[in-house]
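The annotation region 'Disordered' is assigned in TrEMBL to 1-35. Residues or ranges marked as compositional bias 'Basic and acidic residues' by TrEMBL: 18-33. The transmembrane segment annotation in TrEMBL covers 52-73, 161-178, 184-202, 247-263, 316-337, 349-370, 422-441, 466-483, 489-511, 523-542.
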Amino acid sequence: MAEEEGPSIELRQRKKPKSSENKESAKEEKIDDTPVPERAPKHVLFQRFAKIFIGCLAAVTSGMMYALYLSAYHERKFWFSNRQELEREITFQGDSAIYYSYYKDMLKAPSFERGVYELTHNNKTVSLKTINAVQQMSLYPELIASVLYQATGSNEIIEPVYFYIGIVFGLQGIYVAALFVTSWLMSGTWLAGMLTVAWFIINRMDTTRIEYSIPLRENWALPYFACQIAALTGYLKSNLNTYGERFCYLLMSASTYMFMMMWEYSHYLLFLQAISLFLLDNFSLEQSDKVHEVYKIYIFSLFLGYLLQFENSALLVSPLLSLVVTLMLVKCLQLNVKKRTFVAKIMKFINFYLVCTLTVTLNIIIKTFVPHKENGHMLKFLEVKLGLNMTKNFTMNWLLCQESLQAPSQEFFLRLTQSSLLPFYILVLIICFLSMMQVIFRRINGESLEETVTLEDGRIGERPEIIYHVIHTIFFGSLAMIIEGLKYLWTPYVCMLAAFGVCSPELWTTLFKWLRLRTVHPVLLALILSMAVPTIIGLSLWKEFFPRLMTELTELQEFYDPDTVELMTWIKRQAPVAAVFAGSPQLMGAIKLCTGWMVTSLPLYNDDDLLKRNENIYQIYSKRSAEDIYKILTSYKANYLIVEDAICNEVGTMRGCRVKDLLDIANGHVVCEEGDKLTYSKYGRFCHEVKINYSPYVNYFTRVYWNRSYFVYKINTVISFQS
């Protein structure tokens, strides 16, 4: 028996070295298959080095040029360098004003430690409320910017505002460069990267919100997400060497953590990415180990973020952690079953079912034991948005009326079509998706697939990075079709995927293999089209859109808002330092930045208490009595009330979406559904009545300042009821 077992063991051991020998011989053939073995390696290495050098130079140049373009456009749009500090600060609107105000506070602090303490125990922003501003508003970008500004000695060279917006513009340059590299990695040519950048800039109205609001969290976070996707794309490639894998893994780890630190909603995007990788793991068995290494990065980033973000429980109860832990657990329980058998197919369905059920179960268990703030308003919003529920709640209806939360408009698709982006994206997506489905059905049917796919094979759907990006773009595209604001996540990758496709000979070969061309060799025609099509697209874009971009840079615009400047000047000169102001959340953000005075509410929508405050303060535009408004304002210790004429006399394009209409619906002063009872209010609209200066309004409120846009009233502490 021992003699019979010996040869069988030897045969099994010979198979591994045989395959490794084949791989080594294949590598040697690539190098030695030339008539002159000594000169060929140098020639090949030089070509590769030149290609990589030119591509990297083009990527860096594209990023720098885009950052310089944004800086020049911002200067022309606001005439920024010729403005006083107050006028510059007014250009930060809404929540952007809040973020920049905390950056100013950090620079004014005597030390970094003291500044962080004051932000984490902040009781000087919102009346009667102490908040951890760093955690609640994700102020890590401001902390980093303030440290860099002081550590680099920039305070002697550049003004704080220029340093701040300069960092954001620089990150946008990195964003574009990362998209360039991703498209280059997928197509094999840096021409795809150039086309990606061109489409991104031309469609920047739909690819980024940097022009409208510089300090937004997404403008800080998405460049890191783009770097993470570029590193992930390289990491998933089958022909990557060991050093390349290590570099991509380290870059992916760093960018994943930074992305999670910069934006409170980042773990939701990473959750969608994890689902994409899970599906890739099911479709592409060879990449299973790599995919699970990415899961480890998620777990590490989540727990490190939890510790450094003041034990942020939102990361522990996030669906990302539940999914990744479940996937790791299922991986450990997986049985070694022979591939492409009936049992293997059954096991795949069982694994899929286990992952879905265990993820939901684990998330429920974690939420039961981990104290956390439930985002109830987000769940209610999704219910109403998807038509699963109806509501009269002011906050929910106000959010539904926001343009960024509406379904995409026809103009959005028209703009993408005019730049030729959408037609090519649809073509590329269809070819990649069908090729991917072809591969999946082959695997289900038990067909063996080749380890290496050549250009002549025309099977682009077998590449793991392509499968990932197809699933990724379908997920993001589905979200963008529901909420227009999410187009800023999807459209940049539309540019990248479309550019990759038209520049990829492999994609054209896949198409021609299906069409069964006989007159021309498919590979030859694919190589010609992969150069000709992007060249033609680039020339047409240059001819049509380049003059427009140059015109934007030459035209001098001006941000002119004298009424707001006058209001802020009056507050700084006349109002007591301890005064508390009440008004619309957007205006309160500007007051906090420009004056530093305390306010009753903020333009933030991730906190239930702030949302309730906003709704109560907005009652100044409803049909409520002077006594009711007085009680609301004094409950928040407000000293001054600011009424905005633009809201009081708003003429909205969408009927029912004006603030006063939404308040009337919430208060039951109008009929919005059949069967509802109409409650007539015996009071006029407060913002109108208080301007007339008659009793009882003058008993509670005294007008102390007004201009064309704003009316400021002092809230009387001693009430006189003399008519």
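Cβ atoms are placed via backbone N, Cα and C, with glycine included.
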Give the nonlocal contacts of the transmembrane segment (316-337) in its own chain as ranges (CB under 8 Å, at least six residues past its ends).
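Result: 267-268, 270-271, 274-275, 278, 292, 295, 298-299, 302, 306, 343-344, 347, 351, 354-355, 358-360, 362-363, 366-367, 370, 372.
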With the transmembrane segment (422-441) as the reference, which stretch in 184-202, 466-483, 489-511, 523-542 has the largest tally of C-beta pairs below 8 Å?
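Per the Cβ count, the answer is 489-511.
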I need to check the long-range neighbours of the transmembrane segment (466-483): which residues 6 or more away from its ends have a CB within less than 8 Å of a CB in the stretch?
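Answer is 186, 229, 232-233, 236, 272-273, 275-277, 279-280, 283-284, 385-386, 404-408, 429, 432-433, 435-436, 439, 460, 489-491, 493-494, 497.
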